[in-house]
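Database features, via Swiss-Prot:
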{"type": "BINDING", "residues": "D8, D10, D179, D183", "note": "Mg(2+) binding site"}
{"type": "ACT_SITE", "residues": "D8", "note": "active site, nucleophile"}
{"type": "BINDING", "residues": "K156", "note": "substrate binding site"}
Amino acid sequence: MTSLVITDIDGTITGDDRAVHLKCIRYLRELQKRGIPVGIATGNTLCYSRSAATLLGFEGPLIAENGGIVAVDDEEISTVPEEDIELIQEAYRELRRRLGVRRTEPPGLRRTEVAIYRDVPIEEVERVLDGLGYSGRIEVVDTGFAYHLKSKRVDKGKGLLVICERLGIDPDDVVAIGDGDNDAPLLKAAGLGVAPANATENVKRIADVVLDAENGEGVATFLRKLLEEVDA
């Protein structure tokens, strides 16, 4: 029995032009009408996640900042230890000094990680972090839009487990959908992990279902079948 559907946005329920795929939205809203909450899991900020959920009509829990922040109803939970947050800020300052990297947002908008522009090779960022002794606690995740400096102790999958504990949901009853490497832990933690055809090879290896079509086109087909199963 499906108790929750949680999905990434870009490359998952969007089209090639990054506009939301209307069939995906329609099917997800129909699932909600049948009592199955729909949530968002993103590398973006909680502010963005809440706005997107409101615009799309999703009423379920939210995973933001790659699992660093979780929102269940009106409760906001930071999953990252304070010492890791301080270390990430320190690492960013060193990267800015040594490589000239820049934040993608003003300071303070992200609570648990730092997102930087992809102006230098990710290997250079990792080399500096390793040389400074940060690589044991901080990792760099390339979402395709930015490099995210984040704690190794959290990811979207661990964020999902926090949600399941709060809501009393068995993770095996969760459907998770995503395409990027930062979605891999989410799909692994869920009972059913679904990846569109454009997903990275790492995500495809982890997914229980790999769709034939890319982006929202493939996900819409899956959601239609899921809706049919719920109605059966």
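Even glycines carry a Cβ here, placed using N, Cα and C.
Since we're looking at a predicted model, the values are computed, not measured.
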DSSP three-state assignment (helix, strand or coil) for D179 (Mg(2+) binding site): coil
Inter-residue Cα distance where the pair is the residue listed as 'substrate binding site' and D183 (Mg(2+) binding site), in Å: 7
Under 8 Å by Cβ from D179 (Mg(2+) binding site), same chain, sequence gap 6 or more: D8, G11, T12, A195, P196, N198, A199, T200, V203, N215
Which of D8, D10, D183, the listed binding-site residues, has fewest other Cβ atoms within 10 Å: D10
Spatial separation of D10 (Mg(2+) binding site) from the residue listed as 'substrate binding site' - C-alpha basis, Å: 15
Environment of D8, D10, D179, D183, the listed Mg(2+) site - residues of the same chain whose CB lies within 8 A of the CB centroid: T7, I9, G11, T12, I177, G178, G180, N182, A199
Protein Cβ atoms within 10 Å of the residue listed as 'substrate binding site', excluding its own: 30
